[in-house]
Every structure is written in C-alpha cells, then in structure tokens.
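Participant: Reproduced below are the annotations present in TrEMBL:
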type	residues	note
TRANSMEM	51-73	transmembrane segment
TRANSMEM	93-113	transmembrane segment
TRANSMEM	120-142	transmembrane segment
TRANSMEM	209-231	transmembrane segment
TRANSMEM	237-257	transmembrane segment
TRANSMEM	313-333	transmembrane segment
TRANSMEM	391-411	transmembrane segment
TRANSMEM	474-499	transmembrane segment
TRANSMEM	519-539	transmembrane segment
Amino acid sequence: MDPNGGGDTILGDPLLPLSQSSKQQQDPLAGVSDYLGRSVHRGSSGGWRSALFVVGVEIAGSFAYFGISANLITYLTGPLRQSNASAAASVNAWSGTACIMPLLGAFLADAYLGRYRSVIIACTLYVLGYGMLTLSATVPALQPSHMPCREDGVSSSSCQPGWPQVAFFYVSLYLIAIAQGADKPCGLAFAADQFDAEHQGERASRGSLFNWWFFCMAIGISVSVSVVGYIQEYVGWGLGFGVPCAIVLCAFLVFLLGTPTYRLYAPTPEAKSPFRRLARGLAANANKTGGLSASHSEEEEAAADARCVLRLLPIWAASLAYGVVYAQIMTLFNKQGRTLDRHIGDGLELPPAALQTLGPASILLFVPVYDRAVVPALRWATGNPSGLSMLQRVGAGMAVSLAGVAVAALVEARRLAMAREHGLVDDPSATVPMSWAWIVPQYAMMGVADVLAVVGLQELFYDQMPDGLRSLGLALYLSVMGIGGFISSLLISLIDGVTGSGGGDSWFADNLNRAHVDYFYWLLAGLSAVELALFLYFARSYVYKHKPN
C-alpha cells in the first residue's frame, strides 16, 4: 500500500492505449457522485487517496473500543461496585449489543442513509459516548466514587452509586454500542467503495485494501490493550476514558477533510425492503418457466439478488465454528498465560495483559509477508491476481485455526502435567514452571488464521452481496463473530454444569490446575474439523456473482 499513490498509479488500465487510458480517467463514473451530488471522474476521486482517510477513522474506532472493552469489567467491579457475576453479565450484554447492532445499521445505511452519512453519524455518537464516559469518571457529581456512603447496620459501611450516576454511565456506554452498529458494517464497505470493481487495477487494489485494513485494526488493538489499559490501571479512569475520546475526535476531523475526494453511492430503493425483495426473488425463481421477458426485468433483478444472498447462507453457517474458536483468544488463552512463568531473562516479568498482544503482533508480522511475498508467489502459481480466491483463503484460515486450537490443547495438557509433576495441583495461585513462550505458537497461528479467514470473509461478504446490500453483507460477517461468542458462552455453561455436577471438577474449575481446558480445546478442534468439511462441500459448488478476482 503506497500512501503516496501507489494504488492510484494503476488507475489507468495498462492494457489500453495511453490515449484511451487517459480518456478513461476523465469519463464520469456511472452511479457515483461526490458529496454535492455531482458526477465524479476516476482520476480525481477514490483510490487510496480516499480510502486512507477512512482507514484512519477505523483505526481510531478500534483503538477506542478495545481500550474500553478490554478493562471494562475492572471498572464495573471497582468504582461501580458490581459483583463479578453482575459485571460479567453487563459486559456480555454490552458487547453482544455491539455485535448485533451492525445488522440494523447496515439496513439503514443501504436503504436510507448511505455509507458516508452512516460513518458521520457513527463518529458523532463515538465522540458523544466517549465524552460522556470521560465526564462520568472526572466530574464529581457524576463519579460513582463520590456518592455518599450509607451504614449497612452491621459492622462497616458500603458505598453504592446512585441510579443517576449509573444511568449516565450506561447511556454513554450504549451510545458506543449503537455507534458500532453504524460504523462497523459501513466503514470497510465505504473504503472499498473507493475502488471500482469493474476496473482491473482498482479491483486488485481493493483486494490489497482488505489485507491492510486488518493490519491497521491489529495496530489499534495492540496499542490500546497495552497503553490505555496501563493508563486506566495506574494513572486514572478519567484519563483512561479521555484518551480514546480525543483519538476518535481527531480521526473524525481527519475523515471530514477527505470529503471532497470520496465516491458516494446513493441508497438503493430495493434495500428499503430487502426481505420483501428476497421473497419476491424466491417466488420468481420458483415460478420461472421460461416465460419471462425483458418487461420483467425487475423480477429478474430480484431473483438474481435472492440467489446471491442464498448462496452465501451456507458459507455463513459453516463459518460459525470459526467464531467459537475466535472467542477463546481473549478468555481461555489469557487464563492459560496467567499461570505460566512470564519472566524474560533474570529480571523482567511480562504483565498478563502483555500476552494478549501476541495475536495482534502476529497479524502485524504476517500481513506484509502475505501481501508482498505470499500473494505474488501464489499469483504466479495459480494465475489468480489475488493469489487465492476468496473461498480458498477462508478455507486456508479455517485449517490454520483448527491446527491452532489443537496446538493449544497439547500445550494445556503439558501445562497440567507440569503442575502435577511439581505438586501444584491444589495451589491455584502457583506459577507453573513452564515458560510463557509455549503459548506463542497458538497465538501466532490464530493471528495467521485471522489474516486468512477473517479478511477473506470480509471481502467475500462485501463482494458477493447485491450492490445495494453490501453493508448488510459485512454485518453478516460480523455476526459470525458475535454469534460464535454466544455459542461459546453457551457451550461453556453447559459443559461446566455437566462436568461439575456430582462433586467432580469442572473442565472450567476456578483452579485451572484441576480443570481440563484441554478437553474443551479438543472439542473445538473436532467442531472445526466438521466445519472445514462442510465449508469445503459448500465452497466446491459455490458460483461466484462474477469471476473471482
């Protein structure tokens, strides 16, 4: 990705004569306008020059969101005085809302608002939500810790925040969740809109965009988990909430600066009733007897759109197990790491939170290698400009994910064996004499799987949806991760109840040295194997909307 215009230097088709390529740059783009509704030309709009403005605001959004979510449970059990169970339920409800809201946000963007306006609304809500969070931690009248204490009539006093302070906090928090709904399905789609899928050079650049997009998200997550988490723990919650607010505000202003260069697509009328249009398309397919004529073009269009969506549904369903495995990265992987020896050399000890950056770090290392070395090699071998087709890329990521969770199971089995060997089974706070480096491979493999599968799913659900429903397509991709997380929670609850009954140790016992998380990992490996087999079956018969890039 060349910020100086590397992507834009190929906007003229190199296969065309110079005069024809120059004319192509000056011809108005069909169905595209600028923010004032005027026609736009290829040479003066879109491309990397525009996409980078959007990437900037998305980096800021990821930075802010993970800076809050990674440590939210600590704030709830601290200043808000919630129990661990109540705090966990609150975090799950909030993050679940943030995962579901993109479905609504995508519908509104595709049908009424357009992606540019949706990003504007999202940024506005981000600034408002993070600003209110900052006020809740800095203004005395809004701070939970400044509420008066009441005697409980026993031996001590308990300070409980009043409902106005709690309500103010949660309103600000859910404004951020609503902003996620407007931002997540539209930000990436709007950046991809800056590249013309019908132009060979721009289409190749768009494929590169999905790689570098994920690379930039990894930067935002890595920095936020380490820096913002440290500020919240050791400096103060006011500054810990204020830094994400300031970052989002600055990125919003930069995004607005790119407005004159953006390519805008008007909302499509059919997006206002996608399910009715889908039903009409299904009926058209069912009743098609060869009697349709050109006068039935609307029905034919609806039928084509219906086929696009229906073809994606099996792929979506076959990807849910990937979302279940993905959910373990910030939970069980983290618990594994906390029990290991985290020393580097004789003195430095890594904080537990630092281990969470291993996944994003592997993404940062692999994306440039994949984009600049692996893709050219695969392009030479397969003849595909993108190296692998979108479905091949997703399948490769699922295979790596399966291998990663199997490695995690083997490492956990060794950790349990080391705990037994050194008599640490009944000491849950003991450090197992096993280096933290043992868990690096599973983090690295999941990072590589993300670069392949997650980016592949993003591009697939953007590219293969009907043109007017692409934000909805990205919302469906996001729902894979959200629903995968809910399935993971359900599985853990069910298995915990079954294995912990009768007085035995649960697979997820509080004392991890008596638990069997390795069994759970093997179960996930089995689910991943079934998922991969189903995915390959559906992918083999999948018909692309148009020839894969």
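From the backbone N, Cα and C atoms, a Cβ is placed for every residue, glycine too.
Not measured: the values here are computed from a predicted model.
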Participant: Check the transmembrane segment (51-73) against each of 237-257, 313-333, 391-411, 474-499, 519-539 and return whichever range has the most CB pairs under 8 Å.
Facilitator: 237-257
Participant: By a Cβ-Cβ criterion of under 8 Å, what residues six or more beyond either terminus of the transmembrane segment (313-333) are in contact with it?
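Facilitator: For the transmembrane segment (313-333), the far contacts come to 70, 355-356, 359, 391, 394, 397-398, 401, 404-405, 408, 439, 442-443, 446, 449-450, 453-454, 457, 460-461, 476, 479-485, 487-489, 491, 517, 520-521, 524, 527-528, 530-531, 534-535, 538-539, 542.
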Participant: Grab the same-chain neighbours of the transmembrane segment (519-539) for me: Cβ-Cβ under 8 Å, and only residues 6 or more beyond its ends, written as numbers and ranges.
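Facilitator: Here the qualifying positions are 314-315, 317-322, 324-325, 328, 332, 391-392, 394-395, 398-399, 401-402, 405-406, 408-409, 412, 491-492, 495, 507-508.
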